[in-house]
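Asker: Annotated active site, proton donor per Swiss-Prot: E187, in sequence order, evidence recorded as sequence analysis. The [4Fe-4S] cluster binding site annotation in Swiss-Prot covers C66, C157, C288. The dimethylallyl diphosphate binding site annotation in Swiss-Prot covers H96, H185, S317, S318, N319, S380. Swiss-Prot lists H96, H185, T250, S317, S318, N319, S380 with the feature (2E)-4-hydroxy-3-methylbut-2-enyl diphosphate binding site, giving sequence analysis as the kind of evidence. Taken from Swiss-Prot, the feature isopentenyl diphosphate binding site covers H96, H185, S317, S318, N319, S380, and the record attributes it to sequence analysis.
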Amino acid sequence: MDTQAIKHSVQHSGRYNRKGFESPTQRAKALGESYQSDLIASIRENNFSFEKGRLKIKLAKSFGFCWGVERAVAMAYETRRHYPNEDIWMTNEIIHNPSVNNHLSRMNVKIISAKNGIKDFSSVSTGDVVILPAFGATVQEMQLLHEKKCQIIDTTCPWVSKVWHTVEKHKKHTFTSIIHGKYKHEETLATRSFAGNYLVVFDLDEAEYVSNYIQGHGDKNKFMNKFAKACSDGFDPDVHLERIGVANQTTMLKSETEEIGKFFEKTMLMKYGPANINDHFLAFNTICDATEERQDAMFSLVNEDLDILVVIGGFNSSNTTHLQEIAISNNIESFHIDISDRISVENNSICHKPLESELILKKNFIPDGKIKVGITSGASTPDKIVADVIEKLIAITQ
């Protein structure tokens, strides 16, 4: 599939909009009214610290909405203002945040339904308005919407587009794309659609498994069974792992992505030698700045001698999950919640989601005496939600 030709056709159709409809000033004003918080602004100005009574709060120095998310949410809202009466669809949630998506639902912006991972575009009529979310859409979806003559509003984060360009470069030069990500995540599904031959690896353990195979250790049938849902059609590890390039889902843990990239470079050096490395490995730089900043800030926050840590963000948010992993790896009691309503002031309890688990209720969430609470939030979490959480902590400790 000539993905570049399809993109060019879509983007030059006259029914494609990547810039939005309002000025930056209008956009900032609209977002500020919905999602900004005076409390959070004052905490930022006070070196990200807040104290009241026995409660001390320390915010991460980088948290919450990133530029790409702000842009996507603002464009979605202004699309409804620009098209007040038209049917408006999204190919998926605009971002992984329940409050934002519920707000859009109340504005009658609908998500295209899916069953068993297959989207049903039959409800989308010719000329309808369709929003592509921050983590993008597959090239096949773009082509289908183009053929339906839909008005396409593309809010894809530029960092995600950069990954697409990377895997297209791999394809052009007949390199297989090794994608560090979750093979079912919406962003990785989109990236896969732009790649040629690809293999998705979730973590360093899977990278080591692939490396061992490249070096001649492993069983082909076992390999294909392990990666059956995470590789391109017709993938042959004996052929398609001779020339590889690395890319990533932008919300993965930065340190792990870097480690996987270096690991595969070392693997190809060992197999083919320094003189031939450029024929067998392509270096990469697709780590998102915002993801990197939030993870670095989290690594600093966990050194603040905290009693507990609250991580705020959608439960299906990959970047938020990785912030939670950092807390756990530093042995800090942490609680991942998506909305402030998970905290009960009356009962001093929190309903939170541990990694790889269902929601559980923690009673006596805030102990007696002085307490220092660290707080961070994922890139899809508005300041207002963080402020609501802080207000509940204040109420519990009064």
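Cβ coordinates come from backbone N, Cα and C, glycine included.
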Asker: For the C-alpha pair, I'd like the distance in angstrom between S318 (dimethylallyl diphosphate binding site) and C288 ([4Fe-4S] cluster binding site), rounded off.
Answerer: 13
Asker: Per DSSP, to which secondary structure element type does H185 (dimethylallyl diphosphate binding site) belong, with helix, strand and coil as the options?
Answerer: coil
Asker: With the dimethylallyl diphosphate site defined by H96, H185, S317, S318, N319, S380, which remaining residues of that chain have Cβ atoms positioned within 8 Å of the Cβ centroid?
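Answerer: Same chain, not in H96, H185, S317, S318, N319, S380, Cβ within 8 Å: I95, F135, T251, G313, G314, N316, T320, T321, G378, A379.
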Asker: At the Cα level, what's the spacing in Å between S317 (dimethylallyl diphosphate binding site) and C66 ([4Fe-4S] cluster binding site), rounded?
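Answerer: Answer for this pair: 13 Å between alpha carbons.
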Asker: Relative to the Cα of C157 ([4Fe-4S] cluster binding site), which of the binding-site residues H96, H185, N319, S380 have a Cα no more than 10 Å away?
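Answerer: The binding-site residues passing the 10 Å Cα test: none.
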Asker: From the recorded positions H185, E187, T250, S380, pick the residue whose C-alpha lies nearest to the C-alpha of C66 ([4Fe-4S] cluster binding site).
Answerer: S380
Asker: In terms of Cα spacing, which of the binding-site residues H185, C288, S380 are within 10 angstroms of T250 ((2E)-4-hydroxy-3-methylbut-2-enyl diphosphate binding site)?
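Answerer: Those near T250 ((2E)-4-hydroxy-3-methylbut-2-enyl diphosphate binding site) - Cα within 10 Å - are C288, in sequence order.
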Asker: Neighbour count first, Cβ atoms within 10 Å, every protein chain included; then name which of S317, S318, N319, S380 tops the list of binding-site residues.
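Answerer: Per the Cβ count within 10 Å, the most buried is S380.
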